[in-house]
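Trainee: Take a look at what TrEMBL says about it:
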COMPBIAS  1-17  compositional bias 'Basic and acidic residues'
REGION    1-43  region 'Disordered'
TRANSMEM  79-95  transmembrane segment
TRANSMEM  122-140  transmembrane segment
TRANSMEM  149-167  transmembrane segment
TRANSMEM  209-227  transmembrane segment
TRANSMEM  247-267  transmembrane segment
TRANSMEM  354-373  transmembrane segment
TRANSMEM  380-399  transmembrane segment
TRANSMEM  471-492  transmembrane segment
Amino acid sequence: MTRDRGLEEDNPNEKIVHTSNDGTPLDVKPYDNGNGRGRHEHAVSKDEVDDTTLFYNLNKEKAGSFTAEMEGKLVRKNFWFLLGQTWWIAFLIHLDKSTLSQASTMGIFKDVDMTKKQYNDLFVVFYTGYLIALWPGAWLSQRTGQKQFIVGSLLLWALLLAMHVLVKTGGQMIALRFLLGMTESQIVPSTTILHQAFFSPKKSPWVQLLWWASGSFANVLLTMVAYKLILLDDSHALIGGLSSWKWLHIICVILTFIMAVPLAFFLPNSPVEAKWLSTAEKVHTIKAIRDTQSGVKNSTWKWSQVREAFTDPKSWLFIFHMFFNELPNNTSQQLPLIIVGFGFTPAESALFNIAKPLIGSFLVLVSAAMLYGTRLGTGYTCAISYIPCFVGGIIELAAPWSNKIALVVGTQISTFKPSYLLGLSWAGTATTGYTKKLTVMSTCVVAASAANMISPEFWQPKYKPRYTLPWAFMTAFWFISPGMCLVIRWYLVRENRRRQANMDADGSSDENDVLDTGDAVFHVNKEDLDLTDRQNQKFIYPL
């Protein structure tokens with residue numbers, strides 16, 4: 001855009017002449033800051049504004065006003081239509097996470113030339129691939145769109161899962177798990193960011209929890225299927241002479257394809273693409289995000305925001321929290337073998353594992369209710385969510401070896417916690433600037449991947465069957481992690497107080513930026529721009 005500027009501080013009434021890219025004059029009134037004096041206007045490009053800015057500014061006058069009741073209906077509508085699609089993503093993620101642990105008691109060691117050490121290494125290489133692909137995946141998901149990236153990842157993931165049936169050696173299995181980790185790595189951050197495009201920072205954490213709850217039901221289904229397959233395998237009734245663990249993988253592949261294809265047609269990248277929303281509803285969905293100074297979407301990768309992500313102390317607090325949160329994560333993968341070590345059969349172990357996801361679902365729903373119905377906020381809720389894990393760890397350390405029921409109960413309540421989703425969602429809602437948000441969330445998952453690579457090393461065969469030292473480490477991590485939640489919350493409270501004091505002292509407006517689309521010129525403000533939380537001092541961090 002070019003313009004003839006006659007506007008100076010001593011001549012506030014002089015007209016600014018804007019011209020579009022083809023030279024057509026465009027009339028925009030000088031911005032007045034409230035004291036009758038004009039201000040210099042700064043031209044911004046489309047790369048600097050949120051991707052929804054143009055749609056919002058073109059349609060906001062036609063959208064009209066919404067009552068509180070209408071806003072509530074809109075939130076519920078977005079919840080059911082969007083979560084009705086993304087629930088299947090969480091469902092599939094949990095299926096894959098559990099197939100390998102279930103396979104450990106379903107004959108995989110008979111069909112694949114693999115030692116227990118190599119089996120533990122499968123989790124390490126999975127998260128090695130996960131870690132390597134996270135940052136490139138963040139860049140690619142922003143460039144292609146979250147929908148395209150998620151669907152493409154699921155389809156590739158199904159293909160790799162199908163290839164597990166052909167594996168003969170531990171080396172081949174290691175290669176497949178590495179590629180599978182690369183494929184899955186960015187799915188959770190991408191889905192989290194997609195939810196945050198539809199729900200405000202206050203609402204998105206409990207939305208995330210309810211989204212994740214579907215994964216618990218996936219684990220229940222998988223455990224029941226695994227139990228039935230084990231019985232059929234024992235009676236030699238499986239079709240094709242394939243082992244039960246192979247049929248488990250085949251079933252997961254079929255489910256993945258069935259669920260991924262509809263997502264390619266109906267899953268949106270932002271409210272603008274949501275087929276279930278009218279134009280007015282799209283505007284008000286976007287407005288709900290804008291009112292919190294949070295962005296919706298931006299497709300331009302900004303290296304300045306990447307640098308800020310790694311120089312912001314807050315980012316590192318979230319990253320280290322995620323690292324300590326995930327150090328005990330391999331406990332759930334070891335669970336079938338641990339329970340068999342207590343003296344139970346593989347089939348009984350599978351039945352016991354039905355309890356874990358049910359307990360997990362209950363904890364997720366309790367945490368979501370705490371977020372929705374109280375003013376605790378994400379930080380306190382996340383800290384409280386570690387209590388069952390800590391109690392379970394104490395039971396494993398203190399219960400006598402003869403009390404098998406207590407030992408089983410300890411394993412069930414200690415191996416599922418909603419803190420991963422709470423921590424990741426909190427990192428996202430406390431970060432603005434689309435590239436910075438992607439970078440911080442991806443780095444949190446990198447930290448989680450590094451922790452998951454370390455985690456299997458605690459469960460060495462020499463510690464069987466009681467695993468006292470591994471359980472002691474896990475219990476310590478379940479004590480450190482909630483402490484980090486409280487540190488993060490303290491830091492954000494202090495920063496919010498500083499920002500509020502600055503805003504009380506300076507009430508000036510910032511609407512001196514303009515966007516030239518070639519056909520029209522819009523005044524834009526901070527809500528329109530793709531600003532980071534450090535650039536936008538009006539942003540208040542969610543607690």
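Glycine is treated like the rest: Cβ placed from N, Cα and C.
Mind mapping these onto the model and telling me what they sit next to?
Mentor: Listed by sequence, the residues of this chain that lie at least six past the ends of the transmembrane segment (122-140) yet keep a Cβ under 8 A from its Cβ atoms are 100, 149, 173-174, 177-186, 189, 301, 330, 333, 438-439, 441-443, 445-446, 449-450, 452-453, 455-457.
Among residues of the same chain six or more beyond the transmembrane segment (209-227), those with a C-beta under 8 A of the stretch's C-beta atoms are 83, 86-88, 90-95, 97-99, 102, 106, 191, 195, 244, 248, 251-252, 347, 350-351, 353-354, 356-358, 360-361, 364-365, 367-368, 371, 416, 418, 421-422.
With a threshold of 8 Å between CB atoms, the same-chain residues lying at least 6 positions outside the transmembrane segment (354-373) that come near it are 205-206, 209-210, 212-213, 215-220, 223-224, 332, 335, 381, 384-385, 388, 411-413, 415-418, 422.
Counting residues 6+ beyond its ends, the transmembrane segment (380-399) has Cβ neighbours under 8 Å at 205, 328, 359, 363, 367, 370-371, 406-407, 409-415, 417-419, 422-423, 426, 467-468, 471-472, 474-475, 478-479, 481-483, 485-486, 489 in the same chain.
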Trainee: Could you name the stretch, out of 149-167, 247-267, 471-492, with the greatest number of CB pairs under 8 A to the transmembrane segment (79-95)?
Mentor: 247-267
Trainee: Grab the same-chain neighbours of the transmembrane segment (247-267) for me: Cβ-Cβ under 8 Å, and only residues 6 or more beyond its ends, written as numbers and ranges.
Mentor: 85-86, 88-89, 91-92, 95-96, 99, 102-103, 106, 147, 150-151, 154-155, 157-158, 161-162, 164-165, 194, 222, 225-226, 229, 238-239, 275
